[in-house]
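Novice: Can you keep this structure in mind? I'll have questions shortly.
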């Protein structure tokens, strides 16, 4: 057994999160694509079957009340809250991330007031955030300016209404400094909107602690909610009374079954709701969140860094110098829970890795992306992935 | 056996759709709330279990391609298309009805051009359409005017950009004249946006035939897609190149995996997509649509009218004159697939009906609402419902 394999074995033996792996349905594949679609939590299939057969099939319409369907968006929001450092009552689940970016950004611009006519958006953002930011700017009569997160402090001005940033860059895995950037945005009198897709469930976020104004995130990556599971919207409690949604659907009405022709927004997190929630996907997510019982985000973060450190070490040992180049920062303070490697023939390499049971993904034009979900990825997985990568690259 | 019960028996024996009932999971309840949440199609539970256990649990990320997840929104749109009289390539499934109303109305206003500054909305609409229309008007700088469908022809002018109408009124069950109203809207040079929530799957719609511009609808009523199953958006083929979405998420990009920072809209129906589709709910819907195999919408319409006629007849026979008053029009041309009865103590009456195994719903302040899904409601059901209603009211 190689030295790295021995190290992996030791690390697994000492890993306090190792038992959590059994809460997932896994096979002999090394699955390093949990930052795209999280693995299936073992509790989900039976729960979904119950939702379909009993709640829908037998109780039917009664389930809106008796099975808690109606209140699911805010109930599940409260289940996500501790994972992102939020007190209850500030998160609502529903719609896609894109739709929630739209709600958050338009609402932020409205809160900033008429005098502020510019929106800043992370130039390296996942594309949808940029597209939606452009639409929000167009519809609210603001201008949109794309800047890198590093440029944000100098780009801020009295014109800035809101800034839309990604906590972790989807491509490079770079972790941005949420506390410092939020403080800079606030110092300029603007609102900070964060996209947590690549951080929630992988590292501490501290929404309340750092005074984030609004945030959105998906639930199908590190939160393992299933394909296209609904996203969430966080609105800081003090801002909720001023949250003026551009999508004021009947589910966000103060008295939805009053069927009033005039709109009156609900108080609190439900103000972020829109239409009828997709119950099957939503309750699958609720079940999936049970894997977090007894798990601390700080333990997850510690393991995440250990996994990515170990992967970088193994890759360095197993590949020719210069064959791949890490794009993800070395410094822990700047690293999310993935490692991106630049590699000229990345598309072809990833195909061969997948054929050999190591699943990551390829990001155009030349990035191999490996996500490390601390709840189910082991150090042995990491060693094997780097070993197979070395063989494929050789 | 009463005369009405005999009639019911005869009608069931002659009903060509009677065998379709076995495609649903039903019990001894008379379920007349399929216009709120359709009953469970028998094929759905196993299909959903496969999506969860195999497609997500085993194939994981590969399912986006191998299990056809990525193309589901337009594939399922094409499955809905014949039910609403649309040729393929014009419908995309995803998001809630409210979100689709927003897309459709903003896009319609943009197509109408700068010179047209007024949106007309059905004053009797399901509330969410009115709330969203107000937001669309606010964000596009138009004014919103609520008028009844009957007032639309006289309210139209050179100022009118778009008109948002309901095909069937959710409360009264009144069917509006889609061909005539669409023609009137077109004659004024405006765009017609129809909400099909209470008509699709219950009666012929004829979107293509009548030149409807845009349409939206939910799938959890007469299409039996399950609680909160995704809605759909129809954009007439000739208008697709001009469809300018206010929610241009990455799923609507011409090259979504190119991850370009600049937006370029996809051609065709996918232009109406936004973010990652909720696969569990979406594929449950796809399975649910199989109950339509071999079923013609005209047969459904014929049975629907026979059921509602029979219900009115039974109610008249079983209740004291004046105790309840039908709100739904007598004329077939003006009737959807539900019967609404005004009844002073409707809330209490509906509770007692439900306790006795007849499930309809109550609409504030004084309406008993009974939906008739021709795929699984029998004439015996109708006779029993009216009989129990008579007993409860006595």
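A Cβ is built for glycine as well, from the same backbone N, Cα and C atoms used for every other residue.
Per TrEMBL, pyridoxal 5'-phosphate binding site is recorded for A:97, A:98, A:126, A:127, A:128, A:129, A:195, A:198, A:220, A:250, A:276. Under the heading N6-(pyridoxal phosphate)lysine, TrEMBL lists A:221.
Describe the structural context of these features.
Specialist: Packing around residue A:220 (pyridoxal 5'-phosphate binding site) is summarised by its Cβ count: 26 other Cβ atoms lie within 10 angstroms of its Cβ, all protein chains included.
For residue A:221 (N6-(pyridoxal phosphate)lysine), the number of other Cβ atoms no farther than 10 Å from its own Cβ, over all displayed protein chains, is 27.
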Novice: Within 10 Å of the Cβ of residue A:195 (pyridoxal 5'-phosphate binding site), how many other Cβ atoms are there?
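Specialist: That number is 27.
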Novice: Using the alpha carbons only, what distance in Å do you get between residue A:221 (N6-(pyridoxal phosphate)lysine) and residue A:97 (pyridoxal 5'-phosphate binding site) once rounded?
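Specialist: The Cα atom of residue A:221 (N6-(pyridoxal phosphate)lysine) is 12 Å away from the Cα atom of residue A:97 (pyridoxal 5'-phosphate binding site).
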Novice: Check the DSSP secondary structure of residue A:276 (pyridoxal 5'-phosphate binding site), expressed as helix, strand or coil.
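Specialist: Looking at the DSSP assignment, residue A:276 (pyridoxal 5'-phosphate binding site) belongs to neither helix nor strand, so coil.
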Novice: Fewest other C-beta atoms within 10 angstroms of its own C-beta: which of the binding-site residues A:97, A:128, A:276 fits that?
Specialist: A:276
Novice: Across the record's pyridoxal 5'-phosphate-binding residues A:97, A:98, A:126, A:127, A:128, A:129, A:195, A:198, A:220, A:250, A:276, the largest CA-CA distance in angstrom?
Specialist: 31
Novice: Given a separation of at least six residues and a C-beta threshold under 8 Å, show me what packs close to residue A:126 (pyridoxal 5'-phosphate binding site) in the same chain.
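Specialist: Counting only residues 6 or more apart in sequence, the Cβ neighbours of residue A:126 (pyridoxal 5'-phosphate binding site) under 8 Å are A:166, A:170, A:195, A:197.
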